[in-house]
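So that you can see what the record holds, here are the features copied from Swiss-Prot:
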| type | residues | note |
| --- | --- | --- |
| BINDING | Lys111, Ser112, Thr113, Tyr114, Ala115, Arg116, Thr135, Leu136, Glu137, Gln156, Tyr170, Gln180 | dCTP binding site |
| ACT_SITE | Glu137 | active site, proton donor/acceptor |
Amino acid sequence: MTIKSDKWIRRMAQETGMIEPFEPGQVRQSNGQKIVSYGTSSYGYDIRCADEFKIFTNINSTIVDPKNFDENSFVDVKSDVCIIPPNSFALARTIEYFRIPRNVLTICLGKSTYARCGIIVNVTPFEPEWEGYVTLEFSNTTPLPAKIYAGEGCAQVLFFESDEVCEVSYKDRGGKYQGQHGVTLPKA
C-alpha cells in the first residue's frame with residue numbers, strides 16, 4: 001500500500017467525487033480570522049466538522065452499552081461551536097461526504113491543534129467502497145469544558161492505495177454505516 005499525494009487527492013475528488021465539497025488548497029483563515037486549517041495537505045485531506053453535535057450526558061444514569069445504546073444519552077445541539085463537558089465526549093459529522101474507491105483504505109487522525117488542548121478526535125478507517133458523512137467522536141480528556149469549532153478542520157484523512165483490489169468491499173458486505181447521513185449512533 002502506498003500513501004497518496006495531494007495531486008492524487010485533487011484528481012480523485014474532481015474526477016470521481018471522492019470528497020464533496022472539496023477544497024483543493026489549505027484554508028487557514030476565514031473573514032480575516034485564523035481558523036483550524038482544512039483542505040488538501042501534502043499527503044492527506046483535513047476534514048471539517050459540521051454544526052450538528054450530540055453531546056453525551058449522564059442525566060439518565062444509564063449504562064453505556066454499544067449493543068443497546070440509549071439515544072437519550074445525548075443532547076442534540078446545532079451551533080457553530082460545541083462545548084464538551086469535562087471528561088466527556090460529543091459526536092459530530094463531517095461537512096464532507098466521502099466515496100472511497102474499491103482499492104483504497106483511509107486512516108483518519110486527529111489534528112494536533114486539538115490534541116495539544118486535551119481534545120482527542122477518534123474516527124475509524126474508511127473502508128473500500130464505503131460512502132457517507134463521517135461520524136466524528138471528540139473526547140474531552142481535561143477537567144475543564146472544551147470547545148470545538150464547526151466549519152473548521154478537526155482531523156486529517158490519509159489515503160492508502162492497495163497493490164491489488166480487495167475481494168469483498170464494505171459495500172459488498174452491506175456495511176451498517178454505508179451511506180450514513182447526519183450524526184450516526186452505534187449500531188450492533
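The backbone N, Cα and C atoms fix where each Cβ goes, glycine too.
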Worksheet item: What are the non-local neighbours of Lys111 (dCTP binding site), defined as same-chain residues 6+ apart in sequence with CB under 8 A from its CB?
Response: Val36, Ser37, Asp46, Val121, Gly153, Cys154, Ala155, Gln156
Worksheet item: According to DSSP, which kind of secondary structure is Lys111 (dCTP binding site) found in, if we only use helix, strand and coil?
Response: coil
Worksheet item: At its widest, how many Å does the recorded dCTP site span between Cα atoms of Lys111, Ser112, Thr113, Tyr114, Ala115, Arg116, Thr135, Leu136, Glu137, Gln156, Tyr170, Gln180?
Response: 33
Worksheet entry | Close in space, distant in sequence - Glu137 (dCTP binding site), Cβ under 8 Å, 6 or more apart | Phe89, Ala90, Leu91, Val121, Asn122, Val123
Worksheet, complete the sentence: Mapped onto three states, the DSSP assignment of Glu137 (dCTP binding site) reads strand
Item to complete: Using a 10 angstroms cut-off on Cβ to Cβ distances, just flag whichever of Thr113, Thr135 is the loneliest among these binding-site residues.
Response: Thr113
Worksheet item: Counting all other Cβ atoms within 10 Å across every protein chain shown, which of the binding-site residues Ala115, Tyr170 scores highest?
Response: Tyr170
